[in-house]
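Read through the structure below, which is laid out as structure tokens, and then see the notes.
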Ligand SMILES: NC(=O)c1ccc[n+]([C@@H]2O[C@H](COP(=O)([O-])OP(=O)(O)OC[C@H]3O[C@@H](n4cnc5c(N)ncnc54)[C@H](O)[C@@H]3O)[C@@H](O)[C@H]2O)c1
Ligand SMILES: O=C(O)C[C@H](O)C(=O)O
């Protein structure tokens, strides 16, 4: 026989499980469905990371993988729809990060406040037959709104911008931050990691190597001919036939389209993108922690070419992209590719800049 007080204690324990202390949901115009005074107060040392667009095709696996990252102590999941389910689901993972969900436009600032790193996979994806630039009309406005929130709520956070077209959305973000008086070019990083991930995979296939042993620098931008793999600089050092160079360059430049076509209208790369985003975010967090020699490719403000933005290898440190590496020696094929990349990039960058100056 249980006494009344034992029964009450048991009910309290069950209730505590239903409202676990590592989950809280903050919804626009409604009360919390989890507990406010959560474990975050005494959370293990680590970084605070927000994912904006967390309920999307990239956002969901990205949120899951960031919940598994031991460098993350607090994980904020924000979207304009569907965040409660994603947050409840991910919060059941027995990893260290405390998860909080935010839904609705009026919760953006709360989701961003205090963040060290903000990852942005918000916006519409391509369908077959579209270019990334065809997404501009919708995604430009989404990125602008989110960056205005970042400027208000966490102006010193590192921003990893995934939303396409990256070649234009990064300039949009820069202009928003300049207008707000918060722009620090070292903190704004366009995510081109998926191009590197693909290049490593495809080159490893041709060479018969484990992709983890391969490092291919991919420079320029993140669309078609602006994606420029430097196959002459592959590590470990190797050589390719002209046919292999054509095949690899074409496959790396069109890797996104390969996935869009295979998904046949159901979106673009989400799983490989989440993997690439986490690889890049983890590098940013290791840089923030002060680890030496953290180097990845990213689309950043740059003086490597005459263009204001360009992707090359950058060294990530406590203050973001602390060093931008030059292109290194290019062969004739790569020099020709660079000229094509620069022509298209110039137009996409101008388009982003003009959008915010209108
Ligand atoms: N940089 C890259 O390498 C790369 C790779 C793949 C996809 N992408 C791009 O990432 C973006 C997202 O792709 P996806 O497949 O996840 O799309 P998706 O439609 O599945 O998800 C997008 C999410 O963004 C949310 N969203 C829309 N407006 C928002 C706002 N104002 N604030 C917060 N969230 C908002 C949506 O509700 C949705 O949940 C696309 O633009 C896509 O082209 C970039
Ligand atoms: O191709 C796309 O539209 C999505 C993304 O940019 C990709 O490279 O997979």
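Along the chain as shown, residues are numbered 1 onward.
Glycine is no exception: its Cβ is also placed from the backbone N, Cα and C atoms.
Look at TrEMBL and you will find 222 tagged as active site, proton acceptor. Positions annotated as NAD(+) binding site by TrEMBL: 53, 54, 55, 56, 57, 58, 59, 79, 139, 162, 163, 164, 273. For 126, 132, 164, 198, the entry in TrEMBL reads substrate binding site. Taken from TrEMBL, the feature domain 'Lactate/malate dehydrogenase N-terminal' covers 48-189. Annotated domain 'Lactate/malate dehydrogenase C-terminal' per TrEMBL: 192-355, in sequence order.
Confidence for the domain 'Lactate/malate dehydrogenase C-terminal' (192-355), expressed as mean pLDDT, is 98. Apart from 126, 132, 164, 198, the substrate site neighbourhood in this chain, defined by C-beta within 8 angstroms of the site C-beta centre, holds 125, 165, 222, 223, 256, 257, 260, 268, 269. The local packing around residue 57 (NAD(+) binding site), expressed as other Cβ atoms within 10 Å of its Cβ over all shown chains, amounts to 19.
Per DSSP, the domain 'Lactate/malate dehydrogenase N-terminal' (48-189) is made up of 66 helix, 29 strand, 47 coil. Taking each Cβ in turn and tallying the other Cβ atoms within 10 Å, the top scorer among the binding-site residues 139, 163, 164 is 163. Residues from the binding-site residues list (55, 126, 132, 198) with a C-beta closer than 6 Å to any atom of ligand 2: 126, 132.
Straight-line distance linking the Cα atoms of residue 55 (NAD(+) binding site) and residue 132 (substrate binding site), rounded to a whole number, equals 21 Å. For residue 57 (NAD(+) binding site) paired with residue 126 (substrate binding site), the C-alpha to C-alpha distance reads 12 Å. For the binding-site residues listed here (53, 59), the lowest count of other CB atoms within 10 A around the CB belongs to 53.
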